[in-house]
Amino acid sequence: MNAKKQNRISLIEAIAAIIIILICLGAGIIHFQMPPQVPILLVFALLCMWGKIKGFSWEDIHKGIIKGIEPGIVPLIIFMLIGTLVASLIAAGTIPTVVVYGYKIISAKYLPVTAFIICIAEGFTIGSSFTTISTMGVVLIALGRISEIPDAYIAGAIVSGAFFANNMSPLADVPNLCSAIGEIPLSKHLRNLAKSTLPVLVISIIIYVILGGSANEVSGGIAETIQSLNKFFFVSPITLVPILLIFIASWRKLPAIASLLIGIISALIIYVFFAPNSSLQNVENLVMTGYASNTGIETIDKIFSRGGIMSMMGSASMIILALGMGGLLVKLEIFSTVIKHIEHFVKSQTALVIFNSVGCMLTGILIGEQYLTVVLPGETFKPLYKKMNIPMHVMTRTLSGAGAAFSSIVPWSVAGTFIIGTLGLSNVNYIFYAFYPMLIPISTIILSFIKN
């Protein structure tokens, strides 16, 4: 028996593997409330053992792991830079300034829906969900905590707004990637994506308005917190320069690393020259361990003590393990084996869209890299769309809705770990309030019943 036959995995084995993986991840993270790294490491070990049983050499397994992790190298660097950016923006007074100004114009009752709309606006302007979350997202989560609104409400709204824009902005990578895979003009992709997106937009706005209705208006204690921010931080329009520079850099399509470095450097300059009790010696601690607030006011110290490279190490470890796991799934041909057998069951446009959507979501759950949720199912299902004479915009709409957006509510994915780390969330409850990525796959499938 040759090596190729030894390595071949049957459909039953592939389905069993996926079910076991989903049970391990779901039970560990949701039921037992484990850190995601623990069940992912368990799955990682099981896949390695299974690979050996199926005749793969350790060299093959290592190559699969390396190939899986490779797409995450740049995101890992970006994560560390974002940790530094958050600390720098707090130290410079940028985030406290936006919080103070924001509280003057935003009612706590409308904070969830405001967060949703603001993140859509920023995301459309700069075309980056990660930059949106690491700038206005951090500000909005701070506003929510001061207002005593549950983190999950605000984080869900932030994620929904950022990834709505990430799907719909012509400046974002995802729409351009989808249109390239479908070989159709970007304008045609966005026009047809709007058919499934706009109903979800309206529903999300209504739900966020309802969620905000239970919030209290500014109390005396909260007003005192705002006054304390003015006292202990450098609150000035000058501190908004780093955010403005990041906007300009992103709008000019500079790479994310360059945009973040511009924001970090400008924020550190403002910190050194304007912030109270600042010094060059403190910059080292800012970069590594983040900003440490020592105002003596518990609310402020808890909210603003954050950032730094070390704050992103938990997220970095999760990404390495998750992408390594995804690389093993590809190398062992577990995912591709299931996909190859789908063609026999596809008899209509609706069936194809459903299978395509499930494929996108499984890619997000099992591999965890946003772009791969578009590329792998896209290249896999494209021949079927052509064979059945189904317009390519139906496929690109499915890739965008069930792939790119859905990955944001997978806690161990690149996007999910970034969200949890950047917003400083203590659990994954935000996924239950991220209504756009939750509902857009459903809207996509419903629309597939209409031939268009």
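Cβ coordinates come from backbone N, Cα and C, glycine included.
The structure displayed is predicted, hence computed values, not measured ones.
Residues or ranges marked as transmembrane segment in TrEMBL: 12-30 (among others).
Taking Cβ pairs closer than 8 Å, the transmembrane segment (36-53) reaches residues 17, 20-21, 24-25, 27-29, 60-61, 64, 314, 317-318, 321-322, 324-325, 328-329, 331-332, 411-412, 417 in its own chain, all 6 or more past its ends. Sequence annotations record features per position, and here TrEMBL assigns transmembrane segment to 36-53 (among others).
Residues 130, 134-135, 138-139, 142, 233-236, 239-240, 242-243, 256-257, 260-261, 263-264, 267-268, 270-271, 274-275, 278, 282, 286-287, 290-291, 293, 304, 306-312, 315-316, 319-320, 414, 418, 421-422 of the same chain lie 6 or more positions beyond the ends of the transmembrane segment (73-95) yet place their CB under 8 Å from a CB of it. For 73-95 (among others), the entry in TrEMBL reads transmembrane segment.
The transmembrane segment annotation in TrEMBL covers 115-141 (among others).
Among the features that TrEMBL reports, domain 'Na+/H+ antiporter NhaC-like C-terminal' is placed at 161-449.
Per TrEMBL, transmembrane segment is recorded for 192-211 (among others).
Per TrEMBL, the feature transmembrane segment maps to 232-251 (among others).
The annotation transmembrane segment is assigned in TrEMBL to 257-274 (among others). Cβ atoms under 8 Å from those of the transmembrane segment (257-274) belong to residues 74, 77-78, 81-82, 84-85, 88-89, 91-94, 131, 234, 236, 238-239, 241-243, 245-246, 249-250, 280, 283, 286 of the same chain, restricted to positions at least 6 beyond its ends.
The transmembrane segment feature in TrEMBL is assigned to 309-330 (among others). Only residues 6 or more beyond the boundaries of the transmembrane segment (309-330), in the same chain, are considered here, and those with a CB under 8 A from a CB of the stretch are 35-37, 40-41, 43-44, 47-48, 51, 61, 64-69, 71-72, 75-76, 79-80, 82-84, 86-87, 287-290, 336, 366-369, 372, 412-414, 417-418, 420-421, 424.
Feature annotation from TrEMBL assigns transmembrane segment to 350-378 (among others). Within the chain carrying the transmembrane segment (350-378), a Cβ under 8 angstroms from the stretch's Cβ atoms is held by residues 18, 21-22, 25, 68, 71-72, 173-174, 177-178, 181-182, 319, 322-323, 325-326, 329-330, 335, 339, 342, 384-385, 388, 390, 394-396, 398-404, 406-408, 410, 412-416, 441, 444-445, 448-449, all 6 or more beyond its ends.
The transmembrane segment annotation in TrEMBL covers 399-424 (among others).
Residues or ranges marked as transmembrane segment in TrEMBL: 430-450 (among others).
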Maximum Cβ pairs under 8 Å to the transmembrane segment (12-30) - stretch from the list 115-141, 399-424, 430-450: 399-424
Same-chain residue ranges lying at least 6 outside the transmembrane segment (399-424) that approach it to Cβ under 8 Å: 25, 29, 36, 40, 72, 75, 79, 82-83, 86, 129-130, 133-134, 137-138, 141, 151, 155, 158-159, 162-164, 166-167, 174-175, 178, 181-182, 189, 193, 196-197, 306, 311-312, 314-315, 318-319, 321-323, 356-358, 360-361, 363-365, 368-371, 373-374, 377-378, 430-431, 434, 436-438, 440-441, 443-444
